[in-house]
Amino acid sequence: RGGSNKPNQPKASSGNPIKPKAVVSTTSGDSKLFPRSNASLTGLPSTNPLYMDDTYRNKAEAKVIQIVSGEQESIVITDQTIFHPQGGGQPSDEGTMTVGSNNFEVKKVTKAKETGAILHAGVFRRGSFREGDVVSQEVNMTKRIFHARIHSAGHLLDVAMAKIGEQRKPGKGYHYPQGAYVEYIGKIDVKERDAIVTKLQAAIDELIKSDIATKVELKNNIRHVSVAGVEEGCPCGGTHVRSTGEIKSMRVTKLKNNKKNARVSYSVEV
Ligand SMILES: [Zn+2]
């Protein structure tokens, strides 16, 4: 589904498959700041994803499994995490991890596809950690909830498209604060676009006003998420708001064709 973020299968929209090596170049945007050798990051156990249980939980404790220190930036790996990693077209959480007065700023979080280990990249603002330390994790909730609203809006768009009779298979999705969109398979003729955008906006407004609860259930151990009352939820590892009402305000900003697909761009009010 367009709004989906398959837990074990990052979508094309999330960029290249996330490998520990890729973290080096993507985390700070400057590979020189980052540890050169990530060889030791292979063979890590998968991280227990606490963020999947409750979007609104902002704190947790976790044990440090490994630290890879760079000259300026480091990677901290813990046994479990409250931080949602980048993936499925959704940006990662940010926040802090602390042990006493030792403080690590979490700037970007990625998931190693091969192992399921979640890598917290960032900077020690004070002191450092040791393996075995129990850290207090705290997520920046302003960004967390904003990202959850934008991502949930992607799911909502799928439902609104179906509601107005545009039964198209969702493709790529991009759920960032700037330039969010979902693509649907098949082009839409330029003559039809204005009418579709008008109907789509009305359907979206109605779904938000109806304040429909988000449903999350496990099927064969895979988390399925249903937004805006769709019967069949889809597999998704993203963060979602409790109900459509919490998306608050969503505007369709553009409808255009991108190669063989129709791309619906949207924005969510800060
Ligand atoms: Zn989702």
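The backbone N, Cα and C atoms fix where each Cβ goes, glycine too.
For reference, TrEMBL has these:
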COMPBIAS  1-16  compositional bias 'Polar residues'
COMPBIAS  37-48  compositional bias 'Polar residues'
DOMAIN    222-265  domain 'Threonyl/alanyl tRNA synthetase SAD'
REGION    1-48  region 'Disordered'
- Note on the structure: Across the domain 'Threonyl/alanyl tRNA synthetase SAD' (222-265), the model's average pLDDT, rounded to a whole number, is 95
- Could you give the number of helix, strand and coil residues in the domain 'Threonyl/alanyl tRNA synthetase SAD' (222-265) as assigned by DSSP? 4 helix, 22 strand, 18 coil
